[in-house]
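Presented below is the structure to which this report refers.
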Amino acid sequence: MPRALWTAWVWAVIILSMEGASHQASSLSCDPTGVCDGHSRSLNSIPSGLTDGVKSLDLSNNEITYVSNRDLQRCVNLKTLRLGANEIHTVEEDSFFHLRNLEYLDLSYNRLSNLSSSWFRSLYALKFLNLLGNVYKTLGETSLFSHLPNLRTLKVGNSNSFTEIHEKDFTGLIFLEELEISAQNLQIYVPKSLKSIQNISHLILHLKQPVLLVDILVDIVSSLDCLELRDTNLHTFHFSEASISEMNTSVKKLIFRNVQFTDESFVEVVKLFNYVSGILEVEFDDCTHDGIGDFRALSLDRIRHLGNVETLTIRKLHIPQFFLFHDLSSIYPLTGKVKRVTIESSKVFLVPCLLSQHLKSLEYLDLSENLMSEETLKNSACKDAWPFLQTLVLRQNRLKSLEKTGELLLTLKNLNNLDISKNNFLSMPETCQWPGKMKQLNLSSTRIHSLTQCLPQTLEILDVSNNNLDSFSLILPQLKELYISRNKLKTLPDASFLPVLSVMRISGNIINTFSKEQLDSFPQLKALEAGGNNFICSCDFLSFTQGQQALARVLVDWPDGYRCDAPSHVRGQRVQDARLSLSECHRAAVVSAVCCALFLLLLLTGVLCHRFHGLWYMKMMWAWLQAKRKPRKAPRRDLCYDAFVSYSEQDSYWVENLMVQELEHFNPPFKLCLHKRDFVPGKWIIDNIIDSIEKSRKTIFVLSENFVRSEWCKYELDFSHFRLFDENNDAAILILLEPIDKKAIPQRFCKLRKIMNTKTYLEWPTDETQQEAFWLNLRAAIRS
C-alpha cells in the first residue's frame, strides 16, 4: 500500500510539472520577427524551448526566482532581455555567456544581493544595463563593467541597502550617455570612484543627504555635461569654494528634481553657479523651498550674477510659507544675463515691475499654468520691462479680455511670439492693439466663436485650434502657417484671404470634401493636415485623392487620417482604399444606357409582338380573363339559342340562305344566334361574342379560308378555345365549308389544328345528293 501511494505521488508530480511547462510555453507569445512577450503572466521560471529565433524577450513583472546557465543558452541572437520586477535572487555564473549579441539587459527590481562580473564578461555588444532596485550593498568585489566597452546607459543602486561606492566599481567605463546611481543611504564614497569615466553626458544621482555630494562633484565636474540631482534634502548643503575653484569644469546643465531647499542652501547653490562657470542651464522640477526668501541676510547681495546661466526653468515649485515670503528684491541684480525663463505650475500671479526691468537680456518667458490676470499683467509688463523679450507664453492663466491683453503688451516693442492659449476669452472684439512686430499668435482652446479684424495683420503663424469656429474669412496677407484643427469648419478657407499660406492644419472639423481646384488656389501650400474630418467619398473626391500621386507629399497625415463617412457601404474605410460602383460614379451614362436598352427592348418586343401576333395574344388573354369572371356554364334557363354560328362575312350567303332556312324553318325549328341580327347594339363586340356563346347550347364554326382570315372569327374561335374546348365537352361543331390546308391555319390556332386532327367535323358536300344527309347530321349534332 505505501508503495502504491508513493507511485501515485510521483506520477502526480510529473503530471503537474508537465502541465506547468505546457502552461509556461503557452504563456509566451512570439511574433514572426522574433519578439516574444511574456510579461505579467505569473511565470515562476524562464520558459523552456527558447531558440535562436528569439531576438527580444520580455519576462518582466513575473515571479521568476532563478536564472540557470541552460535557460538562455540557445538564444544566441537575443538582443533585448527584460527580467525586471521579478523575484530573482540567483543568477548562475554562465547564464548570459551565449548572449554575445545582447544589447539591452534589464535586471532591475529583483532580489539580487550579490553581483558577479562573470555575468557580463561575454556581453561585448551590451549598450543598456539596468541593475536598479536590487538588495546588494556594493557593486561586487571586482570591477563589474570592465568587459562592456560599448555600454552607454548604466543604472545601479537602490534606495535602502546600497551604501558604498569604491574606486574599482566603474573601472573600464570610458564613455556613458547616461549613468543613474540610486544611493539614498550612501555612506561611503571613495574619492576618484567616478573619475575613471572620462565622459558622462547625463548623470542622475539619487541622494537623500548632500554629505558626499561635493566629493562626487569634484570627481565628475570635468567630465560631465548634465548633472541631475533627485530626491535630495539640501537643508544642510554647504558649498566649499576651494574644492573646485581651480578645476576645469564641463558641466553645462544642472537639474534638481524633487529636491528640498532652505534659504541658506539656495544661496549655496547660487554660489555653485558662479564657480562652475560652464553651467548654462538650470532646472528645478517639483522642488520645495522651505524658507521665506530672506536672502539679503545671507549675504546674497555679494554675489554679482548667476555665472553664465542663460536658461532657468522652474516647474511645480512648492513654497509652504508662501504668505511670509519676501519680495525677492535681493535676487534682482543676479538676473541680468538670463535669456530664457520658464516658470510653470507654480502659482505665479505677479512678476514685479522692478524684476521685469532687471531682466534686460530676457528673450523668452514662459509663465504657463499660473494665475496671471490682466490686472497683474499690467504691473509685470510695465514701462521698460523685458526690453528684448521676443517670446511670451501665458498659456492657461486667468486672462479674460483679448482687447485688454493686447493693450497691456504694447510696451514690449520686440515681442513677436505670443501664446495666450487655454485662457477663457470667449469672444473677440472687432479691433485690438498689438505690439508692432507680432508674427506668431496662439489662441487655441480659448473658446472663441468667431474671428475678427482684432488679429494683427503682421501675423505669419496663427493657431486657433480647438475653438468653436465655423468659418474663416479674415484677410491675413502675411500668414504662412494656419492651425485651425478641432473646430466646426465645413470647408477650407478662401485662398484669396491667405495668399502666401504654406502650412495648414485643419483636421478634426466637419469638412466633407475638398477639390483639386481648392488646393491649387493655394500656390505656396506645402503641407496640409486635413484628416479626422467626415469625408463624403464621392466619385469626384475619390478620383482626385486617389489619382494624384503628388498629393501624398502635401497631405502630412495621408492616408490613415482620411476616412470615409459616406456613403454608408464605405464608412470607416480609408479614402485611399474606398471604391464606388460604376452606377454611382457615372449615373448619367448608366441611366442613358439603361434608357437605350429599354428602348431597344421595347422596340424588339414590338417587332416580336408584330411577328408572332403578341398583341393578338394579349387581346385574347383579356377576353379570357373577362370570360373567367363569368360562370363556367350558364344555367339552363339562361340558354336562349340552340347554336351560335361563327362564320366569315364572305360566307354569309351560305349561312343566311341555306343554313338558316334548313334549321330555323325545320319542324321543330332551331333557334340560331347570328351576329348580324342578334348582337346587342352599342355593346362591345367581344362581350357580344362571349354572351352569345354562353347563351347557346352549341357553337357552330363555319370553317373556310375566309374564316381563317377573318379577325372576328379569330376572336370567336379563340374564345371557344379558352372557354369551351378547355371544358372537354362537345359544345363546338365544326363545319368545313371548303377544303382548308392545315398549314394555312396560323400556329396560334393550335387547338383548332389539334381538333381537326382528332375530332370528326362536318364537311359541306358539293354534290347535291349528299347535302340532305349533311343537314340531317348537323341537326343531330345540335340536338346532342
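Yeah, the Cβs are placed from backbone N, Cα and C, and that goes for glycine too.
According to Swiss-Prot, the feature disulfide bond maps to Cys30-Cys36 (among others). Within the same chain, residues at least 6 positions away in sequence whose Cβ sits under 8 Å from that of Cys30 (disulfide bond) are Cys36, Asp37, Gly53, Val54.
Under the heading disulfide bond, Swiss-Prot lists Cys353-Cys382 (among others). When secondary structure is read from DSSP and collapsed to three states, Cys382 (disulfide bond) falls in the coil class. For Cys382 (disulfide bond), the count of additional Cβ atoms within 10 Å of its Cβ stands at 17 [all protein chains shown].
Sequence-distant contacts of Cys454 (disulfide bond), defined by Cβ-Cβ distance under 8 angstroms and a gap of at least six in the same chain, are Leu402, Glu403, Gly406, Met428, Pro429, Glu430, Thr431, Cys432. The feature disulfide bond is assigned by Swiss-Prot to Cys432-Cys454 (among others).
Feature annotation from Swiss-Prot assigns domain 'TIR' to 639-782. Over the domain 'TIR' (639-782), the average per-residue pLDDT in this prediction is 78.
Just so you know, the Cβ of Asn114 (N-linked glycosylation site) picks up 14 other Cβ atoms within 10 Å once every protein chain is counted. Taken from Swiss-Prot, the feature N-linked glycosylation site applies to Asn114 (among others), supported by sequence analysis.
Less than 8 angstroms from the CB of Asn199 (N-linked glycosylation site) sit Ile174, Phe175, Leu176, Ser223, each of them six or more residues away in the same chain. What Swiss-Prot lists as N-linked glycosylation site is Asn199 (among others), and the listing cites sequence analysis.
Taken from Swiss-Prot, the feature N-linked glycosylation site covers Asn248 (among others), and the record attributes it to sequence analysis.
Swiss-Prot lists Asn442 (among others) with the feature N-linked glycosylation site, giving sequence analysis as the kind of evidence. For Asn442 (N-linked glycosylation site), applying a Cβ distance below 8 Å and a minimum sequence separation of six or more within one chain yields Arg395, Leu418, Asp419, Ile420, Ser421, Asp463.
Per DSSP, the repeat 'LRR 2' (78-101) is made up of 0 helix, 5 strand, 19 coil. Among the features that Swiss-Prot reports, repeat 'LRR 2' is placed at 78-101.
Among the features that Swiss-Prot reports, repeat 'LRR 4' is placed at 126-150. Here the repeat 'LRR 4' (126-150) is broken down by DSSP into helix, strand and coil counts: 0 helix, 3 strand, 22 coil.
DSSP assignment over the repeat 'LRR 6' (176-199) gives 0 helix, 11 strand, 13 coil. Feature annotation from Swiss-Prot assigns repeat 'LRR 6' to 176-199.
Taken from Swiss-Prot, the feature repeat 'LRR 7' applies to 200-223. With helix defined as DSSP H, G or I and strand as E or B, the repeat 'LRR 7' (200-223) counts 8 helix, 7 strand, 9 coil.
Swiss-Prot lists 224-250 with the feature repeat 'LRR 8'.
The repeat 'LRR 10' feature in Swiss-Prot is assigned to 279-308.
Annotated repeat 'LRR 11' per Swiss-Prot: 309-337, in sequence order. Tertiary neighbourhood of the repeat 'LRR 11' (309-337): same-chain residues 270, 273, 279-296, 300-301, 303, 343-347, 352, 354-355, 358-362, selected by CB-CB distance under 8 Å and a gap of 6+ residues from either end.
Positions annotated as repeat 'LRR 12' by Swiss-Prot: 338-361. For the repeat 'LRR 12' (338-361), same-chain residues at least 6 beyond its ends with a Cβ under 8 Å from one of its own Cβ atoms are 306, 309-317, 322, 327-329, 332, 367-373, 376, 379-382, 384-389.
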Least surrounded among the disulfide-bonded residues, given as Cys36, Cys353, when other CB atoms within 10 Å are counted: Cys353
Helix, strand or coil at Cys30 (disulfide bond) [DSSP, three-state]: strand
Residue distribution over DSSP helix, strand and coil in the repeat 'LRR 19' (501-524): 5 helix, 3 strand, 16 coil
Neighbour count (Cβ, 10 Å) for Cys432 (disulfide bond): 18
Distance [Cα-Cα, Å, rounded] between Asn114 (N-linked glycosylation site) and Cys353 (disulfide bond): 59
Helix, strand or coil at Asn442 (N-linked glycosylation site) [DSSP, three-state]: strand
DSSP helix/strand/coil residue counts for the repeat 'LRR 14' (389-414): 10 helix, 3 strand, 13 coil
Long-range Cβ neighbours of the repeat 'LRR 17' (458-478) (under 8 Å; 6 or more residues past either end): 421, 436-452, 484-490, 493-494, 497-500, 505
